[in-house]
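K.L.:
Dumping the structure here so I can ask a few things about it.
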């Protein structure tokens with residue numbers, strides 16, 4: 001396994017819809033394993049393929065994130081290929097949502113409390129499950145990445161423009 005570069009806003013790959021995975025082959029499996037290692041090293045609770053420069057509909061996530069079962073020593077992750085949210089309910093505000101591709105910034109984002117997610121596992125088996133709480137937030141956040149949507153696209157225009165101004169200023173200072 002290898003650590004991958006995490007692309008940061010405003011990288012073009014983050015701003016466009018990722019391509020469906022047609023075949024789960026050794027290249028996809030290697031990418032998933034590298035993404036899992038990169039996610040834990042960052043550290044994060046989820047990572048989408050566009051965040052590592054790959055326009056593919058793949059996410060990895062820590063299923064224990066926010067759980068009382070979470071063990072810092074266990075680097076277990078799960079992968080979803082071509083995931084989609086097929087139902088949602090409830091409404092919560094995720095507190096201090098952050099993103100590895102949007103450094104040094106966190107904010108509240110309105111997210112659904114429960115989502116039903118459908119996708120494939122690495123063996124190509126169809127999965128469908130309900131995610132609640134933090135896992136629901138992770139699913140919405142990572143699947144947004146696959147659609148070219150960053151969490152800063154889901155906040156007020158004022159806050160988003162302030163962040164973009166900060167990024168532009170940082171880019172011109174280098």
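Cβ coordinates come from backbone N, Cα and C, glycine included.
Grabbed the feature section from Swiss-Prot, which reads as follows:
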type	residues	note
ACT_SITE	142	active site
BINDING	99, 141, 145	Fe cation binding site
K.L.:
Measuring Cα to Cα, how many Å separate residue 142 (active site) from residue 99 (Fe cation binding site)?
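P.N.:
On Cα coordinates alone, these residues lie 10 Å apart.
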K.L.:
Cβ within 8 Å of the Fe cation site's Cβ centroid: which residues qualify beyond 99, 141, 145?
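P.N.:
Output for this site, in sequence order: 46, 48, 51, 100, 101, 102, 142, 144, 150, 151.
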K.L.:
Neighbour count, 10 Å Cβ-Cβ cut-off, for residue 99 (Fe cation binding site): what number do you get?
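P.N.:
Result for residue 99 (Fe cation binding site): 25 other Cβ atoms within 10 Å.
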K.L.:
Identify, in sequence order, the residues in the chain of residue 141 (Fe cation binding site) that are 6 or more apart from it along the sequence and have a CB within less than 8 Å of its CB; answer 'none' if there are none.
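P.N.:
Listed in sequence order, they are 46, 97, 99, 109, 111, 151.
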